[in-house]
Ligand code: ATP
Ligand code: MG
């Protein structure tokens, strides 16, 4: 009944089968966490997790194909039902002396205990295979009133795990929900403890904020909760007012831009070299655009880079003389679309000259590209040869 078309059918069908088999063996099992929240929100979620009263070893006896991914934490992946489904034994978490990891994990037979350790009420619901909600902490009511509310005592919950504070802001940005007052106050109070959290996990949450539907709303919370004060870079919501992107690299590039084009932020947040290269290219293109982009630059930057850097000028309220369509029109109208299309190569230059190999070859080829782009010479081998001799006579 509850299996509607809007869901990823295979995942949900598989989850339902897994639950039935666990129940048949005499245990409890429910869909839990983000999938239940998103189901209630009528949003797609293809990450369906199951919680169960069965111990990991019991799950391994019920199913024939399982992968042991973290038995110590109670997680087994079940492959029997077509799609891999994560099944985790109900557990509680004890003291958190380092503000980020429970000292020990204890398995329990009671669902409510398991739901109690979860971060926010909307993430602490369970769904039975027949479509019934188990909602001890008013998750649905909070979703209806669009609030993010900690389960239990917010101060204590953020004391246990400081990452939850950033997760609250991330969910606010994704869902455009406000953070409930006591939860918000607790974040403000505990904001400094975000420094205990591993930088990689912070990077993941920031990336999610940057690609959220309401990124600037999230950045506003970074400011208001003061969380941003304890992280690298500035989080100033006014800079993000016009921003929107579904691409995390674009988000990181914009974050660097509004921080004075500070590329060192990418190193601080352990972004990949690929990210660094993209961000550097986009920020270079942005500078070039603002200074009236040369034809060589127009040729050099690909459409994604041009589009992104052009977006940045809009988000930064920086007026350019030409529209994006005009810019692309100009790019498409260039005599060549790629340096590879130049009608001559380094070998031609060596044939035409008595000089030895050296940096002059690249310099000359660059100059030839520029001359072709400026329509000083046509992209034709014979004409470029003449241009080369003239160029060399001058030089
Ligand atoms: P997403 O849609 O981004 O995956 P999610 O809510 O599913 O969001 P996950 O990180 O996949 O987030 O975690 C799954 C569930 O585990 C959460 O819904 C929540 O119940 C619980 N959870 C995750 N991280 C924490 C945490 N730091 N503290 C408490 N509970 C957590
Ligand atoms: Mg999830």
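Glycine too: its Cβ is placed from the backbone N, Cα and C atoms.
TrEMBL: automatically predicted annotations, no manual curation.
As recorded in TrEMBL:
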- 29-148: domain 'Poly A polymerase head' (DOMAIN)
- 177-231: domain 'tRNA nucleotidyltransferase/poly(A) polymerase RNA and SrmB- binding' (DOMAIN)
- 247-387: domain 'CCA-adding enzyme C-terminal' (DOMAIN)
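The predicted model assigns the domain 'Poly A polymerase head' (29-148) a mean pLDDT of 93. Residue counts for the domain 'tRNA nucleotidyltransferase/poly(A) polymerase RNA and SrmB- binding' (177-231) under DSSP, split into helix (H, G, I), strand (E, B) and coil, are 42 helix, 2 strand, 11 coil. Counting residue by residue with DSSP, the domain 'Poly A polymerase head' (29-148) contains 32 helix, 35 strand, 53 coil.
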